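Read the structure below first, then the notes.
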Amino acid sequence: IRCFITPDITSKDCPNGHVCYTKTWCDGFCSIRGERVDLDGCAATCPTVTGVDIQCCSTDNCNPFPTRKRP
């Protein structure tokens, strides 16, 4: 599987059986810039973090930088 990874937003190979994931959350600039986004690549299982929205997927390059409206 290939997953996008920030900061370069490049696609990299991940080990077999891993999932791609994207993290979004609000920081101190959320009201100005919108949610912060990290394309963290891949993990063996979908991680969970309190206060962070994590979306996981399991196909090549399925975690592109999300499009969203600016505040």
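Positions of Cβ are set from backbone N, Cα and C atoms, glycine also.
Taking Cβ-Cβ distances under 8 Å and a sequence gap of 6 or more within the same chain, the neighbours of Cys3 (disulfide bond) are Ser11, Lys12, Cys14, His18, Cys20, Tyr21, Leu39, Gly41, Cys42, Asn61, Cys62, Asn63. Under the heading disulfide bond, Swiss-Prot lists Cys3-Cys20 (among others), citing similarity to another entry as support.
The feature disulfide bond is assigned by Swiss-Prot to Cys14-Cys42 (among others). DSSP assigns Cys14 (disulfide bond) to coil in the three-state reduction, placing it in neither a helix nor a strand.
Long-range Cβ neighbours of Cys26 (disulfide bond) (same chain, at least 6 residues apart, Cβ-Cβ under 8 Å): Glu35, Arg36. The disulfide bond annotation in Swiss-Prot covers Cys26-Cys30 (among others) and is backed by similarity to another entry.
The C-beta environment of Cys56 (disulfide bond), restricted to residues of the same chain at least 6 apart in sequence and closer than 8 Å, consists of Val19, Cys20, Tyr21, Ala43, Cys46. The annotation disulfide bond is assigned in Swiss-Prot to Cys46-Cys56 (among others).
For Cys57-Cys62 (among others), the entry in Swiss-Prot reads disulfide bond. Cβ neighbour count for Cys62 (disulfide bond) (all protein chains, 10 Å cutoff from its Cβ): 17.
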Under 8 Å by Cβ from Cys57 (disulfide bond), same chain, sequence gap 6 or more: Val19, Cys20, Tyr21, Asn63
Among Cys14, Cys42, Cys46 [disulfide-bonded residues], residue with fewest other Cβ within 10 Å: Cys46
Sparsest Cβ surroundings (other CB atoms within 10 Å) among the disulfide-bonded residues Cys20, Cys30: Cys30
